[in-house]
Structures are given as structure tokens and as C-alpha cells.
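Student: Right, I'll just put the structure down here and ask away after.
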Amino acid sequence: MAALAVLHGVVRRPLLRGLLQEVRCLGRSYASKPTLNDVVIVSATRTPIGSFLGSLASQPATKLGTIAIQGAIEKAGIPKEEVKEVYMGNVIQGGEGQAPTRQATLGAGLPIATPCTTVNKVCASGMKAIMMASQSLMCGHQDVMVAGGMESMSNVPYVMSRGATPYGGVKLEDLIVKDGLTDVYNKIHMGNCAENTAKKLSISREEQDKYAIGSYTRSKEAWDAGKFANEITPITISVKGKPDVVVKEDEEYKRVDFSKVPKLKTVFQKENGTVTAANASTLNDGAAAVVLMTAEAAQRLKVKPLARIAAFADAAVDPIDFPLAPAYAVPKVLKYAGLKKEDIAMWEVNEAFSVVVLANIKMLEIDPQKVNVHGGAVSLGHPIGMSGARIVVHLAHALKQGEFGLASICNGGGGASAVLIEKL
């Protein structure tokens, strides 16, 4: 009867207040208090990035994920039993077996009872995994989580359609192209979308080549100066009949001949094209992971945070304009955090193509000297499920105390994700 009275608006005020309090409590069923929890990164690591069919080709994505998860937990200095849940980004899952994140998690020795989820937001997958884990921690659903991304493009299979074999034989399709690098709406390669952006914003081949050479140069300088040392978890590879091989450095940035860059033919648009194999990112293997927890959990476990998650956002545009999508995610993040672009000490804009970074620098009107200061995917490599997590990992180590860093990555289908962190 009381419920009926509420529906008709005649219930007495004390009873109404009681019912509303119950509803408010139910609405906070995932939180122990009415405010959101602060979320911190207590460790951040990644594997070296292997070239396509290169040093890491023997390692499936799930194994790379295992190594990153293990490395993150070891660097955090916490028991594996403290990790309540794991999210990992992974894009091209064909042939990997069921539940790739579950495989990576159990391979890392976490308890059987640890829930696991694989996230696929194309190139933004690793970053989206971090964002989703942060949301779970903010609302109090969990207090310690691992998140990141993994990809082995060297191990992606070819497929053929099911059904009767047609006259003339069957056609094999490369899942790297079909599931990773093709705009399904316009039936064109991601590189053609990049060409569209170059034309729309009047970004020349010469500008893109210059940017790519700069990326390779900055990556080499950063490696020589030890800028990546703290974020790397080495990989030991067993070779039958030979000594183990330890991979502890990125492979891709060394594979460049600057004299050939301006001479390369364009790949996606033969006439008046601008995108080449040199000024685009490459196909690669690798994984990255962070240990995230609430500030209260960090105090309980007596661990020193690297950084805090300050804000994050997604954005979406026309699929063909996916290279521009970060320019729509970034303002959302700055608005949520109450910051201006001048407050950002370091920017990471994923280098899917050189034109992506040039376009977003132009649209956001940000200082190029603060963008990808240690190189990016053009020179380091772009394992697509890993890259969004990798740029967050790098900011967590590269920033100085009190500085803000903003990482953003575009993804196929017209999307982008962005994460703002503050170094602690």
C-alpha cells in the first residue's frame, strides 16, 4: 500500500524520505562512500617491441601478456592474490584460443578465481582497458586491478570463408588487414583514411617524412639516454639447442635508412599520395600492463604510487576521419580535469601514421616540442592492442613529479580514447 501511495503522490514525507534513502543506498551498491575513489598507478611496464616476424615472433600474444602482467605485479611489489581482476586489450584474436586475457592472467600465476576480460577497441584497446579498470576502482567495485594490452601481429593467421569450395579454388584473407586495418564502412585501408586526412588538412608528404625521421631520431636518442630503461620487462626466449636469447630493447627503431625515406613509393594512393612505409607505423609484437589501485589500497599495501589517473574520455567521428578523433577526446579530458592545454607537460599522441600526429597538433594547437618527445609508433612499432597502454606506461615514467601528461590514441571506426595522468 505504501508503494501505491508513493505512485499517487500521497505518501507522508517521513516515509518518502526513508524510501529515497533506501534507493540512494541501492544506487551506491558498488561504492563504500558517496564520492569516487582516487585511482593510482603503482607500477607500469611493457615488453620490448618486436619487429614483424622478428625477435618476438615465437611468442603468442597471450604469452607476451603474461610477461607484462608478471612484470607489472613484480614491480608493484604486491602479492598476486591482491589483484582482484584483470582487463587486457587485444585486437586480432583469431587463432589465439578462448579468452586471451584469461590465458595471460593464469599464465602469470594469478589465482584461478581472478576474473578476466578482453577488451577490443581496435588500436585504443589497451588504453580502454586501463580506463575501464579505473572506472571499476573509482566506484569501489574492486580495489586492485591489472590492465593493459597485448598483440602478436606476427602470429595472426590467414582465414578462408566457410562453405562449399568454389570453382577455381579458395581465397585466403589476412586477418591483420581484415580485422585490424580495414575501414569496414568505406571498404578502404586505414592508410587511405590517413591520405584523406592529409588532403583535408593540407599536410604534405615532405612534412610527414620529416616527422617520421624525427620520430626515429628521438627514439634512438631516448634509448641511448636510458629513457625507456625503467619501463621495460625483458623477455627470455628459449631456442632449441642454443643458449637462451634475452630481448630487452625495441627492435624497430634501428631498422631505418634515412636516405631512402624521401625516395619510397606511396603505399595506399599511387597518384599524389603522401603515406609511405617510412612515415606510417609498422606491424609489431608486444604487451604492456599497469597495476592500478585505489589510494586507500595503496596505503594499506604500503606501496608508493607512480601517478594518479586524473581524467579520461572517448570520442567518435566519421569512420574515415578516425585520425582526427583524438582532437575531440582531448578537450573532453581537459574539461573534466579543469585544466588548459598549457598545463600539460608531455603529450603522447599515438603515431599510427605521421599524419595523425601532425593533424592533431594542428587541430589542438599544441606545442610540437611537447609531443612524443621520445618517439612513437612510427619508429618504436605499433602492436595494435598494446599501443594505447604503452603510451600511458611511458608517461608514468617520463613525467616529473607534479607534472600532467596526456595520452591519446585514435582507433578504426572513427574513435579515440584519451587518458590524463599526474605524476606523484
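Placement of Cβ uses the backbone N, Cα and C atoms for every residue, glycine included.
Annotations per Swiss-Prot:
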- 1-30: transit peptide (TRANSIT)
- Lys63: N6-succinyllysine (MOD_RES)
- Lys171: N6-acetyllysine (MOD_RES)
- Lys171: N6-succinyllysine (MOD_RES)
- Lys199: N6-acetyllysine (MOD_RES)
- Tyr216, Arg255, Val256, Asp257, Lys260, Ser281: CoA binding site (BINDING)
- Tyr216, Ala277, Ala278, Ala280, Val378: K(+) binding site (BINDING)
- Lys227: N6-acetyllysine (MOD_RES)
- Lys240: N6-succinyllysine (MOD_RES)
- Lys242: N6-acetyllysine (MOD_RES)
- Lys242: N6-succinyllysine (MOD_RES)
- Lys254: N6-acetyllysine (MOD_RES)
- Lys260: N6-acetyllysine (MOD_RES)
- Lys260: N6-succinyllysine (MOD_RES)
- Lys335: N6-acetyllysine (MOD_RES)
- Cys410: active site, proton donor/acceptor (ACT_SITE)
Student: Nearest to Lys199 (N6-acetyllysine) by Cα, among Lys227, Lys242, Lys254 (modified residues)?
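Tutor: Result: the closest of the modified residues to Lys199 (N6-acetyllysine) is Lys254.
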Student: Looking at the modified residues Lys63, Lys242, Lys335, which sits with the largest number of other Cβ atoms within 10 Å of its Cβ?
Tutor: Lys63
Student: Which of the listed modified residues (Lys171, Lys240, Lys254) has the least company, meaning the fewest other Cβ atoms within 10 Å of its Cβ?
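Tutor: Comparing Cβ neighbours within 10 Å for the modified residues Lys171, Lys240, Lys254, Lys240 has the fewest.
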Student: State the Cα to Cα distance, in Å, between Asp257 (CoA binding site) and Lys227 (N6-acetyllysine), rounded to an integer.
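Tutor: Cα-Cα distance, Asp257 (CoA binding site) to Lys227 (N6-acetyllysine): 23 Å.
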Student: Hey, of Lys254, Lys335, Cys410, which of those recorded positions are within 10 Å of Ala278 (K(+) binding site), Cα to Cα?
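Tutor: Near Ala278 (K(+) binding site) by Cα: none of them.
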Student: Tell me, how many other CB atoms lie within 10 A of the CB of Arg255 (CoA binding site), whichever protein chain they belong to?
Tutor: 12
Student: In DSSP terms, helix, strand or coil for Lys199 (N6-acetyllysine)?
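Tutor: Its secondary structure by DSSP: helix.
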Student: In terms of DSSP three-state secondary structure, what is the assignment for Lys171 (N6-acetyllysine)?
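Tutor: DSSP assigns Lys171 (N6-acetyllysine) to coil.
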Student: Sorry to bug you, but what's the C-alpha spacing from Lys242 (N6-acetyllysine) to Ser281 (CoA binding site), rounded to the closest Å?
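Tutor: Per the Cα atoms, Ser281 (CoA binding site) and Lys242 (N6-acetyllysine) stand 33 Å apart.
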Student: Looking only at Cβ atoms, how many others are within 10 Å of the one on Lys199 (N6-acetyllysine)?
Tutor: 14
Student: Where Val378 (K(+) binding site) and Lys227 (N6-acetyllysine) are concerned, what is their Cα separation in Å, rounded?
Tutor: 18
Student: If you measure Lys63 (N6-succinyllysine) to Arg255 (CoA binding site) at Cα, how many Å is it?
Tutor: 25
Student: In whole Å, note down how far the CA of Val256 (CoA binding site) lies from the CA of Lys335 (N6-acetyllysine).
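Tutor: Lys335 (N6-acetyllysine) to Val256 (CoA binding site), Cα-Cα distance: 40 Å.
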Student: Using the structure shown, find which entry in Val256, Ala277, Ala278, Cys410 (the recorded positions) has the sparsest Cβ neighbourhood within 10 Å.
Tutor: Ala277
Student: When the number of other CB atoms within 10 A of each residue's CB is tallied over all shown chains, which of the recorded positions Tyr216, Lys227, Asp257, Val378 has the maximum?
Tutor: Val378
